[in-house]
Structures are given as structure tokens and as C-alpha cells.
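Features of the protein shown, as given by Swiss-Prot:
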- 91-111: coiled coil (COILED)
- 323-334: compositional bias 'Low complexity' (COMPBIAS)
- 364-380: compositional bias 'Basic and acidic residues' (COMPBIAS)
- Cys414-Cys478: disulfide bond (DISULFID)
- Cys427-Cys488: disulfide bond (DISULFID)
- Cys458-Cys468: disulfide bond (DISULFID)
- 305-356: domain 'Collagen-like' (DOMAIN)
- Asn102: N-linked glycosylation site (CARBOHYD)
- Asn134: N-linked glycosylation site (CARBOHYD)
- Asn193: N-linked glycosylation site (CARBOHYD)
- Asn231: N-linked glycosylation site (CARBOHYD)
- Asn254: N-linked glycosylation site (CARBOHYD)
- Asn300: N-linked glycosylation site (CARBOHYD)
- Asn393: N-linked glycosylation site (CARBOHYD)
- 301-380: region 'Disordered' (REGION)
- 82-491: topological domain 'Extracellular' (TOPO_DOM)
- 61-81: transmembrane segment (TRANSMEM)
Amino acid sequence: MDNKAMYLHTVSDRDNGSIFEEPFDGRSLSKLNLCEDGPCHKRRAGGCCTQLGSLSALKHAVLGLYLLVFLILVGIFILAVSRPRSSPDDLKALTRNVNRLNESLRDMQLRLLQAPLQADLTEQVWKVQDALQNQTDSLLALAGLVQRLEGTLWGLHAQAAQTEQAMALLRDRTGQQSDSAQLELYQLQVESNRSQLLLQRHAGLLDGLARRVGVLGEELADVGGALRGLNHSLSYDVALHSTWLQDLQVLVSNASADTRRMRLVHMDMEMQLKQELATLNVVTEDLRLKDWEHSIALRNITLAKGPPGPKGDQGNEGKEGKPGSPGLPGSRGLPGERGDPGLPGPKGDDGKLGATGPMGMRGFKGDRGPKGEKGERGERAGDMDFTMIRLVNGSGPHQGRVEVFHDRRWGTVCDDGWDKKDGDVVCRMLGFHGVEEVYRTARFGQGTGRIWMDDVNCKGTESSIFHCQFSKWGVTNCGHAEDAGVTCTVP
């Protein structure tokens, strides 16, 4: 705002008429042209213009002053509306000055309108000049306040610009933190899915192990029952055999006593037999002598024989006699030692295939295989081209709308050509075994943002949906009403 200096004159300058020497140029309020016809530096004989023309010029000057004040107020209000608020003290001082200026101008206008035409016009002009001098001081003070207000507003504007820059930087950092948090949340979700699958697999293994332990417990119970029965039977057999052994010991002791007694009897009978044999030999000799004597007497005693010679040698053993009749059966003998095992018998026929047993425990990790051949060089990825995938708006982590993360933003997948092969790849990326059902036409609600993938065509063997054939990133002819979705299988 341009502040023009106002050159005002005091009451002592009335005589020289200096206030009428320069025309009123619309900028200086102190040098008023009270004539109606432009520059009036030529004074009339009466010392001034006519009263009617001077009054008209004064009214025009007051109206111009009113218009100037109005424009100043309009500018102040525009600045107040377009800029941030200033301090309350400056606004209160500015409001008081404007109100005082309005009241002074209103009083001046009323005095001018009510003043009689016959009054001394020169006195009225000097009074107006004094009033304008006072108003000029007020306007100068008001201009200073406006300048200070404008400086304060510019300072606030600079602070607001700095604040906007800081807010933009904060929004960028917040967006980066949000993207990082979303990526970490996705990774945690994938790890959670894998952990759930591992827990379910371990639960299945534990169930199988529990069943096997139960079957083994039943078998152990059967074996224990069989062992108890065998123990009972063996105890009975051992007791029976002990009884038999005791009886056998009694029989053996009796047999030993009988044997000793029979040996004594045999010895006695042997002595008797020896005595009988000796007696029999004597008798035999006597009989032989008697027989010889008789034979000599009966024959013609022509030859005389001498006495018998000594006893001859024992003759040859006679022929073996016939076997006698079998005797009575004796008691059962002790069991003999166990014989050698016999030869193995012929192989029997194959039996029927039994039921499949429970799944065994996981084996040890095998040896590392040979190093494979070097693959072809892949395409170079971008610095920020880190792609991920998630399921949104489903009843659980196993189902929902398919969204991929590309270029630091999440986007959806169009259902053009969407089938179970594509869904199977997506589910295996998320750690599930496979896909149960695929959906089209935004079954889980319409997404927002970009549609990153369209015309997806997977073979079903890919490890990632980004290895499948599809149109370029963000190139699509679909809307969010065609967002694809899946439901993965949960064991």
C-alpha cells in the first residue's frame, strides 16, 4: 500500500492564501481546490470563490475522502480474509482507529450539511483543514498499523508455507511408514499362514502318533495278558514238574535202597552158589570116581588104568539161546535234550495285501545333491519393483479379493481369463496347498486404486503369479466390477 505524505497548513497561513495556490490533484488532502472549474490559482476580488462553488468542491473533497477510507477498509478486509489471522491487539487497535475515523467523517459530513450558506466559508474551510489534519494523523497511524499488520501477515504466510512443506514431508514419511507397515503385515500374515499349516501338519502327525501309541498300548496289553497267561501256565507246569521230580526222587531213593538190598542178596546168593558149586564139584568128582569104578567092574578087567588126571581146561562157549519174552513196561524216563532244528520247509503262498498303516515319522535330511547346471540370466529388476500379494475382504486369511503390490501401491487383478490354475498359483504363494474355488465379478467387493494385472494366464506350475503371462503392469480394459478373488484350501 502506497502511503502519500499530506502537507497540511496551520491557521497562521490564512492571510497569504497558500492553500489556494496549488490545484487539488487527488493525492494531497491539505491543498483543496474549492473552485468548481479546475485549477483556481487566480483569486477573485472578494478573496475567494463564490460560496456555492466552494461548498460544492468541499462536498466533493469529503466524498473523495470517504471513498478513500472505504477503499482502505476494503483492502484491509481482503487482507484479513486471505491471510492468516493477526494478533488480537493489532486488530483491536485497527478497529478502534477505523471506528474513530468513521465517527469523525460522519460528524464532518453532518456539520457541512447543516452549516448555513451565509457563514464565513473561510473559517469553515480552516476548521475542515484542522479536522483533516487530525484525520491525517489517524490515517498515518492507521497506515503504520496496516504496514505492521501486512508484515505480520507476510511472516505468517512464510510460516504457513514452511508448515505446508513440513506437512508434505510428514505425509511422505507417513506414507512410507504405512507402506513398510503394510509389507511387514503381509509378511507376518504369510508367516502366520505357514505356521498354521505347520501346526495343522504337526497336529495330524501327533494324531497319527497318538493312534499308533494307542494301538501299541493295546498290543502291549495283549502281550501282557499273554505273558500273564504263559506265566500262570508255566507256574502250573513248574509246580507239576516239581511234584514229579519229588516223586521221582522218592522212586530213585527207593530204587537205590532196593538196589543195595538186591546187591546184598546177590552177594549172598553168589556165596551160596559158590558153595553149591564147590559141593557140586566134589559130588561130581565122587560120581566120576564111582562111575569109573563101576565101569571097570562092568568091563572085563583086562587093562588097568591109572587114576584120573587133573581137571581140563574150560570148554568153548555154547550157542546163544533164544531171546526171552519181553518184560513188563517200566516207568517213563526223563525228557531228553532238544534236538537240532530241522530243514526249512517250502515257501508258502503270498497272503492278501493288508491295510495301509499310519504315516511314519519324517526321515532324516538326506545328503546334498549334485550341483545343477547354471540357469539363464534373468531380467534385471527395478530398484523399487518389489511385488507382493494379499487377499482382502474375506472371511479369513484363506479367501478374499486378490491384490498385488507394485510400484509401492496396492492394486487389483482383472478376472479376464481367471481360472483355477491362476488361483492355485496365488494360494501356493500364500503358503496354502491349493485353490478351492475362484471368483469373478468382484465377489468380495470392489477394490480401489489401480488394476495392475489383466489377462492372467498361468500353467499351474509357476511358483509366483508374476511368472505367469499377463498384460503389462497397469494395462487393462477392466473396471473394479471385474476384480478377481479366490478361496484357498485349508487342511
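Positions of Cβ are set from backbone N, Cα and C atoms, glycine also.
Structural mapping of features recorded in Swiss-Prot.
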residue: Asn134; record: N-linked glycosylation site; Cβ neighbours (10 Å): 14
residue: Asn193; record: N-linked glycosylation site; Cβ neighbours (10 Å): 20
residue: Asn231; record: N-linked glycosylation site; Cβ neighbours (10 Å): 10
residue: Asn254; record: N-linked glycosylation site; Cβ neighbours (10 Å): 10
residue: Asn393; record: N-linked glycosylation site; Cβ neighbours (10 Å): 16
residue: Cys414; record: disulfide bond; Cβ neighbours (10 Å): 23
residue: Cys427; record: disulfide bond; Cβ neighbours (10 Å): 25
residue: Cys458; record: disulfide bond; Cβ neighbours (10 Å): 22
residue: Cys478; record: disulfide bond; Cβ neighbours (10 Å): 17
residue: Cys488; record: disulfide bond; Cβ neighbours (10 Å): 26
Cβ packing number for Cys468 (disulfide bond), 10 Å threshold: 18
Integer average pLDDT (0 to 100) for the domain 'Collagen-like' (305-356): 74
Euclidean distance between Cα atoms of Asn193 (N-linked glycosylation site) and Cys427 (disulfide bond), Å: 11
Where Asn393 (N-linked glycosylation site) falls in three-state DSSP terms: coil
Helix, strand or coil at Cys478 (disulfide bond) [DSSP, three-state]: coil
Between Asn254 (N-linked glycosylation site) and Cys478 (disulfide bond), the C-alpha gap once rounded to whole angstrom: 115
Local backbone state of Cys488 (disulfide bond), from DSSP in three classes: strand
Secondary structure content of the domain 'Collagen-like' (305-356), with strand meaning DSSP E or B: 0 helix, 0 strand, 52 coil
Integer Å distance between the CA atoms belonging to Cys414 (disulfide bond) and Asn231 (N-linked glycosylation site): 76
Residue among recorded positions Asn134, Asn393, Cys468, Cys478 with Cα closest to the Cα of Cys488 (disulfide bond): Asn393
Integer Cα-Cα distance in angstrom, Cys458 (disulfide bond) to Asn193 (N-linked glycosylation site): 23
DSSP state at Cys468 (disulfide bond), helix/strand/coil: coil
